[in-house]
Amino acid sequence: MTGETLLALLVCLPFLGSLAAAALLRTNSRVLAARMSGVVALAGLVMTAFLYPAVKRGPVRFEVEWLPQLGLDFTLRMDGLAWLFTMLITGIGLLVVVYARYYMSEEDPVPRFFSFLLAFMGSMLGIVLSGNIILLSVFWELTSIFSFLLISYWHHNAAARDGARMALTVTGIGGFCLLAGLLILGHIAGSYDLDAVLAAGDRIRAHPLYLTALVLILIGALTKSAQVPFHFWLPNAMAAPTPVSAYLHSATMVKAGVFLLVRLWPALSGTYEWFMLVGIAGISTLLLGAYFAMFQQDLKGLLAYSTISHLGLITTLLSLGSPVAAVAAIFHMMNHATFKCSLFMAAGIIDHETGTRDMRRLSGLLRYLPATGILAMVASAAMAGVPLLNGFISKEMFFAEAVETHADSFLDRILPYVATLAGAFSVAYSLRFIHVVFFGPPPVDLPKPEPHEPPRWMRFPVEFLVLACLVVGIIPGMSIGPFLHTAVVSVLGDRTPEYSLAVWHGINTPLIMSTIALVGGIALYAVLKDYLARCDDGPPLFRHLRGQRIFERVLVTVSWKWARWLESRLGTRNLQPQLRLVATAGLLAGVVPLYISGFSPRPPAFGEVDPVFAAIWLVGSVCAVGAAYQAKYHRLAALVLLGGAGISTCITFVWLSAPDLAITQLLVEIVTTVLILLGLRWLPKRSEKVDNSVALAARGRRFRDFLLAVGCGIGMFVFAYAIMKQPVPDAIASYFLERAYSEGGGRNVVNVILVDFRGFDTMGEICVLGIVALTVFALLRRFRPAPDSIEKPEQQLIQNAFDAERPERSAGDTVRDYLLVPSVIMQWMFPVVITFAVYIFMRGHDLPGGGFAAGITMAIAFLLQYLAGGVRWAEDRLRVLPLRWMGTGLLLAVATGVGAWLLGYPFLTSHARYVDLPLIGKAPVASALLFDLGVFSLVVGATVLILIALAHQSIRTHRVRAIEASKAEEA
Amino acid sequence: MEFVLALAIGIMTGSGVWLILRPRTYQVIIGLSLMSYAVNLFIFGVGGVKSNAAPLLGEGVDIAALADPVPQSLVLTAIVIGFATTALFLVVLLAARGLTGTDHVDGREQPK
């Protein structure tokens with residue numbers, strides 16, 4: 001297997017594993033999901049190890065085009081730095097899986113946990129392996145999301161939910177800024193490819209947008225790595241299960257921010273802005289984190305603030321811009337991951353065995369947990385920077401760099417003192433962790449009274465990591481040395497400095513600083529010990545300044561108060577102002593550009609007006625205005641007038657050489673009118689007398705609407721006239737005209753366009769029609785008429801009263817006899833209309849007609865039967881299954897398209913030829929005809945479904961009435 | 001010809017806009033129908049207004065003299081979709097009327 005394939009597999013495998021783990025949710029077996037996750041992590045680890053020889057020679061790349069027109073490719077790229085991080089992610093991932101297997105309780109939905117954990121692992125691998133900066137930001141967001149899901153894993157716990165939300169909000173905002181910053185970066189570099197960006201470092205630093213890009217990217221990186229002032233989310237994220245804290249919030253995810261700084265170090269660093277921004281964030285985080293950590297009472301809280309502080313240390317190193325500092329930063333990332341992860345796991349064991357993490361309640365645990373205690377002590381010593389442990393070496397490097405002045409500024413001058421002070425703090429909190437938890441009198445009043453050592457394999461990950469701390473601490477050059485060197489070379493290239501990982505450098509300034517920190521830290525703890533044993537959670541002074549509360553308040557203000565205020569000022573729930581706004585905007589959008597470009601309307605030429613055409617539109621216009629005038633009180637009249645305007649439109653289509661449109665318009669006109677007629681019955685009665693006292697404000701509103709309507713009308717008139725007087729450029733019409741017969745096999749170009757050239761559009765269109773019909777059907781299933789519409793219509797009441805008066809007639813006779821002659825004619829027309837529909841359909845390809853028109857005609861044939869005999873009569877004799885019609889139609893249309901595939905052509909390619917049919921003569925047989933048949937069938941089904949669903953409502957109310965009547969009788 | 005057609009489009013648009021700004025659902029549905037006539041005619045008119053032009057291909061018909069088929073096919077589908085939206089809106093209107101007891105567009109009568 002080549003390196004490229006391995007690389008792709010490496011990123012995909014955890015996601016596949018995540019899906020598989022999700023599939024195990026029903027089994028509720030924690031062993032199965034854990035084993036599978038372990039196998040995935042192990043496979044990742046092995047694959048990464050295999051890739052090392054290739055990586056050592058140079059970056060391994062895997063590329064797939066994704067959206068090349070946007071410069072966005074799915075590029076994976078593994079160089080030394082990415083390799084080191086991949087080892088870290090998969091290796092610690094494996095240990096965390098082993099640990100979590102024993103940590104998670106039977107009651108928890110364990111497969112869900114492992115599913116999220118694996119998905120997180122995949123996203124994290126994606127970040128470090130992305131070779132495209134946009135892809136990187138995609139994976140970046142994914143880690144935020146899975147971190148959210150993992151923190152809120154115990155979602156019944158309010159603290160977990162709040163912590164998760166806060167982490168998501170902070171890192172999400174950061175991720176958004178990061179994306180913006182990376183877009184600017186890519187814009188400056190001219191490519192989103194990571195190698196291109198890194199190579200364009202000089203151009204980027206000289207660009208005027210450099211500072212913008214830098215600030216945005218830094219917001220992204222600093223939020224993710226919990227740097228001051230964005231640090232507050234990390235302690236709140238400690239509500240997550242401890243394996244999550246160990247994995248995400250110490251070893252991997254929080255490292256993503258500093259990883260990004262290292263990754264972009266060649267492109268961004270070295271400027272004064274970089275030094276100031278990164279430096280201030282790093283130094284303040286280093287100091288404040290360590291200071292806060294001393295005063296925590298929660299074990300995980302202490303570790304969280306210590307993590308913040310150590311990340312600040314890494315950030316500070318990166319701010320310096322010197323290559324040796326970058327080496328130290330990369331080295332410390334690895335060291336911190338090993339000792340902090342093991343400490344989190346140890347804290348988890350303590351929590352698991354004693355039931356509490358409060359340091360005021362814990363003490364003297366060494367007699368119960370001797371092995372865990374010793375492991376925690378070694379790891380704490382590494383955290384404090386005690387010699388012969390890995391933390392010591394990187395801390396020495398940090399001190400050495402802190403002493404060396406790189407730019408003559410205030411920050412530089414204070415750095416050595418800050419570094420020593422933070423070192424002393426870190427010694428103090430490490431010491432406190434060990435002393436309070438493991439020494440002193442036996443604990444009293446523990447939630448779980450008899451703590452004992454955890455299962456063998458739960459302790460194994462801690463043992464392994466502590467061993468790593470020792471090995472790296474004692475023989476750094478022989479253990480991590482070569483790998484670190486590969487990583488450093490991949491970042492620094494030619495600028496790789498001379499550095500030494502030796503444990504002993506002789507007595508020099510860093511060693512003296514370390515000694516001061518060690519002694520100072522012990523002294524500090526001795527002084528503070530008694531105060532710490534009883535004080536509240538959090539450091540003095542800062543205790544009351546709760547980041548969480550400030551955050552919540554800001555969130556409420558922005559997302560609730562401001563949003564509400566804006567909504568109340570700018571929003572409306574009423575339709576009329578909204579439509580008024582739309583109409584005004586439309587009018588302005590038309591008028592303003594024309595006015596600016598100096599448009600002057602063309603004077604009308606009256607000589608060319610055809611009197612007959614003018615007369616048609618005189619009628620049409622009167623109808624339109626009449627409909628507008630009557631629509632409130634005389635709905636039927638308005639409907640008739642609307643039909644008048646429709647007929648004028650229809651005649652216009654005939655007049656202007658568009659017979660297809662005329663046919664379709666006429667048929668649709670019929671169906672629409674019937675549809676609205678069916679609906680009229682359910683509308684409330686309204687007579688003009690009801691509200692004749694119109695308020696002045698209402699008159700003002702009407703006048704304003706009137707002006708707006710007149711303005712829109714005049715605008716459309718001028719615009720339409722101007723545009724129709726323009727000569728028509730020959731765009732694509734002649735293309736269709738020339739090819740309609742030779743390629744589409746039809747003389748009716750409109751139909752050929754619909755079913756052949758643009759067949760895919762038509763397919764989308766019939767889908768819309770089908771969806772609308774189903775929606776109508778669904779809406780009407782739950783239809784409840786208003787109380788005042790349930791009564792029978794007035795006319796029927798009169799007719800029934802007439803029947804009731806006469807002994808020879810029974811109720812309902814008159815209703816049945818009403819319009820008897822037309823209904824008989826309508827019944828007899830059934831076969832005629834169907835024949836007509838078939839005729840329109842068959843001629844469609846060559847003469848006006850086609851699937852749409854034929855479908856509506858067919859629907860009208862059914863409709864007439866309903867009109868003639870009523871719903872019950874029609875359904876006793878005729879089973880129309882609109883859903884079948886629709887389904888058949890869609891399937892037929894799709895099958896025609898797929899048929900072209902089978903013959904090796906693109907979807908919906910049509911084939912046409914003429915066939916001699918007996919009796920009928922020469923008939924066109926195109927595969928487009930089959931498609932048109934699908935259109936036809938769907939149109940029939942959809943139209944009939946809509947109309948029948950509406951018509952059925954009158955029967956349903958009969959039923960409602962019958963039920964009510966029977967209830968009344970029973971009572 | 002163009003003048004009359006443009007005037008007709010203008011009048012129907014104006015009537016339609018007036019109606020969609022009214023408070024009753026039925027007025028809005030009539031208004032939308034009128035506007036869809038206007039818009040269909042407008043799209044159709046953009047392709048050039050030709051009367052007495054041959055709409056179909058045949059022997060000896062000059063292609064340049066034919067009516068433009070592209071706006072026609074656009075409008076043809078627009079007519080059918082227009083029917084569908086009218087139907088949908090009508091049903092929403094009826095359902096809203098049944099649920100809220102009023103045919104005001106906001107689902108409740110405006111306070112006087």
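Even glycines carry a Cβ here, placed using N, Cα and C.
Note: TrEMBL annotation is automatic and uncurated.
The following features are taken from TrEMBL:
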DOMAIN    A:69-114  domain 'NADH-Ubiquinone oxidoreductase (complex I) chain 5 N-terminal'
TRANSMEM  A:80-100  transmembrane segment
TRANSMEM  A:112-129  transmembrane segment
DOMAIN    A:130-408  domain 'NADH:quinone oxidoreductase/Mrp antiporter transmembrane'
TRANSMEM  A:166-189  transmembrane segment
TRANSMEM  A:209-234  transmembrane segment
TRANSMEM  A:274-295  transmembrane segment
TRANSMEM  A:371-394  transmembrane segment
TRANSMEM  A:460-484  transmembrane segment
TRANSMEM  A:579-599  transmembrane segment
DOMAIN    A:621-685  domain 'MrpA C-terminal/MbhD'
TRANSMEM  A:636-656  transmembrane segment
TRANSMEM  A:662-684  transmembrane segment
DOMAIN    A:701-796  domain 'MrpA C-terminal/MbhE'
TRANSMEM  A:705-724  transmembrane segment
DOMAIN    A:822-944  domain 'Na+/H+ antiporter MnhB subunit-related protein'
TRANSMEM  A:889-908  transmembrane segment
Where among A:69-114, A:130-408, A:701-796, A:822-944 do we find the most Cβ pairs under 8 Å to the domain 'MrpA C-terminal/MbhD' (A:621-685)?
-> A:822-944
Could you pull out which residues elsewhere in the chain have a CB under 8 Å from any CB of the transmembrane segment (A:166-189), counting only those six or more residues past its ends?
-> 71, 133-134, 136-137, 140-141, 144-145, 147-148, 151, 196-197, 199-200, 203-204, 207, 209-210, 212-224, 230, 232-234, 236-237, 260, 264, 267, 548, 551, 555
Stretch among A:112-129, A:371-394, A:460-484, A:579-599, A:705-724 sharing the most Cβ pairs under 8 Å with the transmembrane segment (A:80-100) | A:112-129
Provide the three-state DSSP residue tally for the domain 'NADH-Ubiquinone oxidoreductase (complex I) chain 5 N-terminal' (A:69-114): helix first, then strand, then coil.
-> 31 helix, 7 strand, 8 coil
Can you tell me which of A:112-129, A:460-484, A:579-599 gets the most C-beta pairs within less than 8 Å of the transmembrane segment (A:705-724)?
-> A:579-599
Against which stretches of its own chain does the transmembrane segment (A:460-484) lie, if we need a Cβ under 8 Å and a gap of at least six residues from its ends?
-> 52, 80, 83-84, 87, 92, 95-96, 98-99, 327, 330-331, 334-335, 338-339, 341-342, 345-346, 349, 372, 375-376, 378-379, 382, 387-393, 501-503
Residues of the parent chain within Cβ reach of the transmembrane segment (A:112-129), under 8 Å, 6 or more residues beyond its termini = 7, 10-15, 17-19, 21-22, 25, 33-34, 36-37, 40-41, 44, 76-78, 81-82, 85-86, 89-90, 93, 96-97, 100, 104, 135-136, 138-140, 142-143, 146-147, 149-150, 153, 241, 243-244, 247-248, 252-253, 256, 259-260
Which whole-number mean pLDDT does the model give the domain 'MrpA C-terminal/MbhE' (A:701-796)?
-> 84
Counting by DSSP, what is the helix, strand and coil composition of the domain 'MrpA C-terminal/MbhE' (A:701-796)?
-> 76 helix, 0 strand, 20 coil
